[in-house]
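**Q** Before anything else, here's the structure in question.
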Amino acid sequence: MARSNQTARKATGGKAPHFAMRVWQHSTPPLKKPYRYKPGTVALREIRKYQKTTDLVIRKLPFQRLVKEIAQSLKADLRFQTGAVSALQEAAEAFMVGMFEDTNLCAMHAKRSTIMPKDIQLAKRLRGDRV
């Protein structure tokens, strides 16, 4: 390729002066991205939190509405004492915790860390419940 001579030219346009950019950058504060934890970190934190507490996980009023709705389908005009609903809730949560423990064991046996519907079905079959 042939060489060509460079000639001096008068600057017309081009980049803006550097100090003007600095003024523009500092006029608006930068938006901070929200921090994201690695996948699984928040789940492990929640597991540890709920294992420490003995509180009920399901809220009382939604559970009470569910009990009344199921009872309404069986027989009309049934009323429940507060203690009866809380005893039902305690038993339901104890059953669910045990069920999820067995389900987790089934998933671990299959060399998985994620539970699947087939794990619940296997846990119910091993417990003797109907599928």
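Glycine too: its Cβ is placed from the backbone N, Cα and C atoms.
As annotated by Swiss-Prot, N6,N6,N6-trimethyllysine applies to Lys10, Lys32. Residues or ranges marked as N6,N6-dimethyllysine in Swiss-Prot: Lys10, Lys32. Among the features that Swiss-Prot reports, N6-acetyllysine is placed at Lys10, Lys15, with the record citing similarity to another entry. The N6-methyllysine feature in Swiss-Prot is assigned to Lys10, Lys32; the stated evidence is similarity to another entry. Taken from Swiss-Prot, the feature phosphothreonine applies to Thr12. Positions annotated as phosphoserine by Swiss-Prot: Ser27.
Map these features onto the structure and tell me what's around them.
**A** Long-range C-beta contacts of Lys10 (N6,N6,N6-trimethyllysine), restricted to its own chain and to partners at least six residues apart, with a cutoff below 8 Å, are absent.
Under the three-state DSSP scheme, Lys10 (N6,N6,N6-trimethyllysine) falls in the coil class.
According to DSSP, Lys32 (N6,N6,N6-trimethyllysine) is assigned to coil rather than to any helix or strand. Under a cutoff of 8 A between CB atoms, and with a sequence separation of 6+ in the same chain, Lys32 (N6,N6,N6-trimethyllysine) has no neighbours.
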